[in-house]
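Copied over from TrEMBL, here are the features:
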BINDING   C:106, C:110, C:127, C:290  divalent metal cation binding site
BINDING   C:127, C:128, C:129, C:130, C:131, C:165, C:180, C:184, C:262  substrate binding site
DOMAIN    C:24-297  domain 'Gcp-like'
């Protein structure tokens, strides 16, 4: 456990900012944490993402980039930077639906906890948030293993032709739907 | 006079926009009052890596989330009335993103779309390694056989877009790339794209393509391959061809009158 | 000496081979407000005044018929009856004076006159007049091509001049000196920008009806509509020109044709060209508007390359494409 190092994502457009990501398995206290989150008493503030419909770390990174851009421009659509990250994972402009689909729910046994610009203390607090749960060392592999392709398909609706070899991939389809959502 | 146009803009009562646009405009206005200008292209060092300056905008090379990408930014056209300029910039940015995605769904290769930044009217996409058809033809880099193959592939691709109700709107040889790694046809620049199943629109699309190819290539041969493949792959080729012939005739007729 | 009569203007001009204009008299057939010009009446007008114009052109230039090298006339494109009325006069003069004839493409006349007057070397040409909207470029620098002017942006389905004229008629603006000029003056009084369809096709068909309907409902004034119509239509023209520049990789623009006299169009084009680091060559209305000198000059260029039109070929054609003309006289470096 002491050897665990959280994944930190960087953003070329925001060199001073980063996103700390920890993927947990065998979560047992999702409901408690969620209650605190909704009561806005969860410390530190984090984004609690449902990893099952997330295609890849790249998708998470794009959603985070968009959230940072909106934050810097004072143009957040949701209340906080962290809820914006969750909302930005959605291909739809429907806010409640986006938060419900891509946020952790109270029965979740897996969660992707994310925090922007986390200090060491913040990272430690994130690890302590889910007692008994197992943080996954390789986030990328862990996410791929947990991914529910049917859910990805349902939420992002990638077309059959666009995912054909030589034309594009499911990841491409997901990226474009996240990246271009605001103009679709 | 630009000054006059700008002065007039402030007095404008824009009562002609359709309801949806008004609703969107309203939300943007409320946010723009507090919005801070953050130049992402500058942060990414894009301005030091300009690839091209077209009629529509500038293109920069950047690394975006670890991937080689290009950013295409539409800039303000100062010669246009500000209201018109805003409207056109917005609609073309939207159409470009939608057109690219729609083309892909129809099995047409386009660069992968990464991100649309409405604040800077910028669109981020995959950097495709390849050359435009215009460059290749001009350099004399293609054999007759390659011309035929590419022509046929273009015909198939345009047929796929048209049958799917997508009109590209600017099918020139600069907007058709051949990807270096597999010599596949990649279609770019969907800024003038629109959805339509009307044969007339398809005919115009084909007419623009014909003119572009014959002006670049100075030979009808390549376009004949395009048309042959289009006929083979499009279910509605007959209606499109009829309109194409009509549009072509009209182009000729129009120059009759002094 | 050049003879022009493809539309409602009839004109005779005398030029020297260096482009100097010795004389350039012209008469315009002006119809009452709300009406356009019809072929038969226009031809009648041309027949009535052309001999006086020939005499005026000679007198003003201070030359006698024996001093002339060649008679040049507009072969097309244009309205049939007026074209023929002028060609008949040229054939007659050719036989009386014993001078050769050269038939000239009207559009090429505008282009060559514009080039020599402005000193533009290889510009993209926006030719915009009553019946025509064309974006024309000569050479694509990267490669050798056949010597013809090439038409770009032809799919635009708008005869801009026609659209403006029609609208001017609907709101009862005077045809004197031209409907386009009066729209331009009216537009200066416009304050409100009305959102109009920005479409590169189908403009002239239904637009004027839509416009006047809005005016009737009291939503805006005629001046507002003139203003907005100009802003919208000219933006399209500038955009198409800019696309051609990008495609051909050229810097400069030359505007010719009657609508080219519009100062607002020139300003907008100038702004675009400045952004691209090029120069705008906008001819003034003496050469923008149909005239005899431009026909004389373009014909003279061809004549000096040995082109002569035989008497039996001195016909007129309503359809005469700019890219049908073999440009023998341009010696641009590759």
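Cβ coordinates are placed from backbone N, Cα and C, and glycine is handled just like the others.
Curation plays no part in TrEMBL annotations; they are all automatic predictions.
Proximity to chain B (Cβ-Cβ under 8 A) holds for C:106, C:129 out of the binding-site residues C:106, C:110, C:129. Between the C-alpha atoms of residue C:106 (divalent metal cation binding site) and residue C:129 (substrate binding site), the distance comes to 11 Å. Comparing C-alpha positions, residue C:110 (divalent metal cation binding site) sits nearest to C:129 among the binding-site residues C:129, C:131, C:180, C:262. In sequence order, C:4, C:6, C:7, C:9, C:11, C:26, C:106, C:129, C:258 are the residues of the chain that are 6 or more apart from residue C:290 (divalent metal cation binding site) and have a CB within less than 8 Å of its CB.
Shown are the binding-site residues C:110, C:127, C:129, C:131; the one with the most C-beta atoms within 10 angstroms of its own C-beta is C:110. Averaged across the domain 'Gcp-like' (C:24-297), pLDDT in this predicted model comes to 84.
Residue C:180 (substrate binding site) falls within a helix when secondary structure is assigned with DSSP. Spacing of residue C:127 (divalent metal cation binding site) relative to residue C:262 (substrate binding site) is 13 Å (Cα to Cα, whole number). Take the CB of residue C:262 (substrate binding site) and look out to 10 A: across all protein chains shown you find 26 other CB atoms. Once Cβ contacts within 10 Å are tallied over all protein chains shown, the binding-site residues C:106, C:180 are led by C:106. Binding of substrate is attributed in the record to C:127, C:128, C:129, C:130, C:131, C:165, C:180, C:184, C:262, and the widest Cα separation among these residues amounts to 18 Å.
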